[in-house]
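A short write-up of the structure that comes next.
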């Protein structure tokens, strides 16, 4: 139990690294870092994990008169390297930056004697772990996953049964994250869990943790298209500031290069624990970047994309069915692992952060209205759905990255939870008129029209294969 309690420090913004193992108990020492963790929420979910930044002040502890009788989790993989496609762009930009033999001045002097942070391209797409990054790095994806396992064990350990299923998509980094969490849970609870690998491909149809794969009408480029003819002044300001001290260099920096360097800052922090590239940017630069990135997210995966709610409804409907059938089901814990895209579409369909705004300004930062989808899905992001038993009544509440996010218009229960009868009405209204199969024209690629793996995993063999991405 001591090891679990100590590891919780890492899940509330303080990171810890194992230093010894005595009598089976792992002890943790706080790992100091020069990294400014306050910028993590501004990096569009590409940097290390952080708590959800907007808290209503609601205690995350279970209300005194209640117990948790059923819990679900939908989690993103832990911290990773850039994808192969983004990594190639970074290498091309690095080639452009390093071809100059002179000295950079001003903010760009970080590139004097700089060494590219990915030592081998084979690491692209992969989870960061102690075999390929400095073990003292507090933000390694493997560490985040191990700590998450301890967090789950501490909060929900008494709900587990032996051979409890855990569900992961077949992506390599997602599967590896799930394995680290499972290993941590098995060690803490002395049980054996049953890992189910749900295939990521378009033929899976609705029986998937990644239902966007089978949505033939989904346009994932809608966010980029919204920006197609836009000029973002903040990028011009950054470029002018950098080049003012380097006017002698024959260097052409495009706006895409500047945005890519924010990504660079995030991913290098995942890999090395810190990044000098982050020092290129002033805080206001990152505030503007975060705003425009979340506008892109809104149209790419959020309520601004007409297919987000149909896609997200697959997992919302499955979650709701698990809740309503909780008394009859053998398992009380349902853990699932997927990607940020799928979680953002789930949140969009669920409506937890939907403020009703349908269009955003590209001329200036619209602080009052932006939906911060990236706050839901940092690396290692997770959403817990709890069903509480309080006396003779049941209630539902959501915990996003360790912060209670109330169900809109449904907060009359203990700890601002939602009475189950009112929750039924809320979900019915959210899903009314939404049909994933017809909206997505799923039957072009698959005849599978329902999600069944939560119910038939004992009869159907869900075992991958696992991809390298």
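Cβ atoms are placed via backbone N, Cα and C, with glycine included.
Look at Swiss-Prot and you will find 77 tagged as active site, nucleophile. Other Cβ atoms within 10 Å of the Cβ of residue 77 (active site, nucleophile), summed over all protein chains shown, number 28.
Sequence-distant neighbours of residue 340 (active site, proton donor) (same chain, six or more apart, CB under 8 Å from its CB) are 45, 76, 301, 377, 381, listed in sequence order. Taken from Swiss-Prot, the feature active site, proton donor applies to 340, supported by similarity to another entry.
Taken from Swiss-Prot, the feature N-linked glycosylation site covers 23 (among others), and the record attributes it to sequence analysis.
Marked as N-linked glycosylation site by Swiss-Prot: 31 (among others).
Note on residue 129 (N-linked glycosylation site): other Cβ atoms within 10 Å of its Cβ, all shown chains, come to 21. Under the three-state DSSP scheme, residue 129 (N-linked glycosylation site) falls in the coil class. Summarising the annotation, Swiss-Prot assigns N-linked glycosylation site to 129 (among others).
Positions annotated as N-linked glycosylation site by Swiss-Prot, on the basis of sequence analysis: 201 (among others). The DSSP secondary structure for residue 201 (N-linked glycosylation site) is coil. For residue 201 (N-linked glycosylation site), the count of additional Cβ atoms within 10 Å of its Cβ stands at 14 [all protein chains shown].
When other Cβ atoms within 10 Å of the Cβ of residue 229 (N-linked glycosylation site) are tallied across all protein chains shown, the result is 7. Swiss-Prot lists 229 (among others) with the feature N-linked glycosylation site, giving sequence analysis as the kind of evidence.
A coil conformation is recorded for residue 250 (N-linked glycosylation site) in the three-state DSSP classification, outside any helix or strand. Here residue 250 (N-linked glycosylation site) comes close to no residue that lies at least six apart in sequence on the same chain with a C-beta under 8 angstroms from its C-beta. Taken from Swiss-Prot, the feature N-linked glycosylation site applies to 250 (among others), supported by sequence analysis.
Its Cβ placed at the centre, residue 317 (N-linked glycosylation site) has 19 other Cβ atoms within 10 Å. Residues annotated as N-linked glycosylation site in Swiss-Prot: 317 (among others).
Residue 392 (N-linked glycosylation site): 5 other CB atoms within 10 A of its CB, across all protein chains. In the three-state DSSP scheme, residue 392 (N-linked glycosylation site) falls into the coil class. For 392 (among others), the entry in Swiss-Prot reads N-linked glycosylation site.
For 447 (among others), the entry in Swiss-Prot reads N-linked glycosylation site, with the evidence type sequence analysis. In the three-state DSSP scheme, residue 447 (N-linked glycosylation site) falls into the coil class.
Annotation comment: Swiss-Prot describes 1-16 as signal peptide, evidence class sequence analysis.
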Cα distance, residue 201 (N-linked glycosylation site) to residue 447 (N-linked glycosylation site), nearest Å?
13
Cα-Cα distance linking residue 392 (N-linked glycosylation site) and residue 317 (N-linked glycosylation site), given in Å to the nearest integer:
25
Hey, how far is residue 229 (N-linked glycosylation site) from residue 129 (N-linked glycosylation site), Cα to Cα, in Å?
40
Sort the recorded positions 77, 129, 392 by C-alpha distance from residue 201 (N-linked glycosylation site) and give me just the closest.
77
